[in-house]
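Undergrad: So that we are looking at the same thing, I have put the structure below in structure tokens.
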Amino acid sequence: MTKVITTINEMQSIVKQHQREGKTIGFVPTMGALHDGHLTMMKQSVSENDLTVISIFVNPLQFGPNEDFDAYPRQLDDDVAAVKKLQVDYVFHPSVDEMYPEELGIHLKVGHLAQVLEGAQRPGHFEGVVTVVNKLFNIVQPDYAYFGKKDAQQLAIVEKMVKDFNLPVHVIGIDIVREKDGLAKSSRNIYLTSEERKEAKHLYQSLRLAKNLYEAGERDSNEIIGQIAAYLNKNISGHIDDLGIYSYPNLIQQSKIHGRIFISLAVKFSKARLIDNIIIGDDYID
């Protein structure tokens, strides 16, 4: 039976009890408004661990002053009903005051990995992410933590944090879950108008175009980016907010493609900014 926990003390007490019993703990951090991408991660955690904890916490530290913190969808009852069907053991749902009872005196700073892509567009965003993930890791103390590859930059940063701080957590990246037409599942898709939703399938189609160019031998980043942009400008009303090709997971911008690379795309529609990506290269598996 799924139980909702709202305090840090109770969550830590539960974790300690299960650790004493030698149980493995899987953890899926979320901000709620759960979709199939989240549920896929939870299913994997349930199948691989004795105990699964998810968090539902809309973290104010990762929202900028002009972003959608107050408008971010909150649907706790629906989310809890969904995870109960998956036999998730605990939902950790703290308040903002519970997580941040006073102003932080210690701040984590992310280097180069937060200065490109989403980090360049959203200053301070990834500092907020690593702060809350670090706190959640300390509270839940998972053996395995599951993150979606749709937020590939976030995944790279969390993996780097775990490595740099010797955290005893195995980070598992889960493949992007998509709608039938290819649109990546996202809590922000609900902001799309009906016409924008029809157009949004072209984000993934543009990335497939890039993959086809790569497989045909194209290695010039500018050529691939140019063709992606031309395709999108022809097929969507949204604005291309960011488009680039980077090494992965080091996120160094590439002019000539070699090794494993990450093509990142962000498109801003009227009320939604959608991101998508594709990873290709020497060890790429579709």
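These residue numbers are counts, starting from 1, taken along the chain as shown.
From the backbone N, Cα and C atoms, a Cβ is placed for every residue, glycine too.
According to Swiss-Prot, the protein has these features:
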ACT_SITE  His38  active site, proton donor
BINDING   31-38, 148-151, Val177, 185-188  ATP binding site
BINDING   Gln62  beta-alanine binding site
BINDING   Gln62, Gln154  (R)-pantoate binding site
Undergrad: Quick one: give me the count of other CB atoms within 10 A of the CB of Leu34 (ATP binding site).
TA: 24
Undergrad: Under a three-state reading of DSSP, tell me whether Met31 (ATP binding site) is helix, strand or coil.
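TA: Met31 (ATP binding site) sits in coil per DSSP, no helix or strand.
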Undergrad: Enumerate same-chain residues with a sequence separation of six or more from Met31 (ATP binding site) and a Cβ-Cβ distance below 8 A; give 'none' if the list is empty.
TA: Ile56, Phe57, Val58, Asn59, Tyr72, Ser187
Undergrad: Just to be sure I understand the packing, how many Cβ atoms besides its own are within 10 Å of the Cβ of Gly37 (ATP binding site)?
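TA: By my count, 21.
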Undergrad: Here are some recorded positions: His38, Lys149. Which one has the most Cβ atoms within 10 Å of its Cβ?
TA: His38
Undergrad: Given Leu34 (ATP binding site) and Gln62 (beta-alanine binding site), what distance in Å do their CA atoms have, once rounded to a whole number?
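TA: Given the Cα positions, Leu34 (ATP binding site) is 18 Å from Gln62 (beta-alanine binding site).
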Undergrad: At a 10 Å cut-off from the C-beta of Val177 (ATP binding site), count the other C-beta atoms across all protein chains.
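TA: Val177 (ATP binding site): 18 neighbouring Cβ atoms within 10 Å.
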Undergrad: Of Gln62, Lys149, Gln154, Val177, which binding-site residues come within 10 Å of His38 (active site, proton donor), going by C-alpha to C-alpha distance?
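TA: Final answer, ordered: Val177.
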Undergrad: Have a look around Ser187 (ATP binding site) and count the other CB atoms within 10 A of its CB, chains all included.
TA: 18
Undergrad: Based on DSSP, name the secondary structure state of Lys149 (ATP binding site): helix, strand or coil.
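TA: In the DSSP reduction, Lys149 (ATP binding site) maps to helix.
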Undergrad: Looking only at C-alpha atoms, tell me how far the residue listed as 'beta-alanine binding site' is from Gly37 (ATP binding site), rounded to the nearest Å.
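TA: Approximately 20 Å lies between the Cα of the residue listed as 'beta-alanine binding site' and that of Gly37 (ATP binding site).
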Undergrad: Under a criterion of Cβ-Cβ distance under 8 Å and sequence separation of at least 6, what residues of the same chain contact Gln154 ((R)-pantoate binding site)?
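TA: Same-chain residues close to Gln154 ((R)-pantoate binding site) (Cβ under 8 Å, separated by 6 or more) are Glu118, Phe126, Val129, Phe147.
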Undergrad: Please report the three-state DSSP label of His38 (active site, proton donor).
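TA: Once the DSSP labels are grouped into three classes, His38 (active site, proton donor) ends up as helix.
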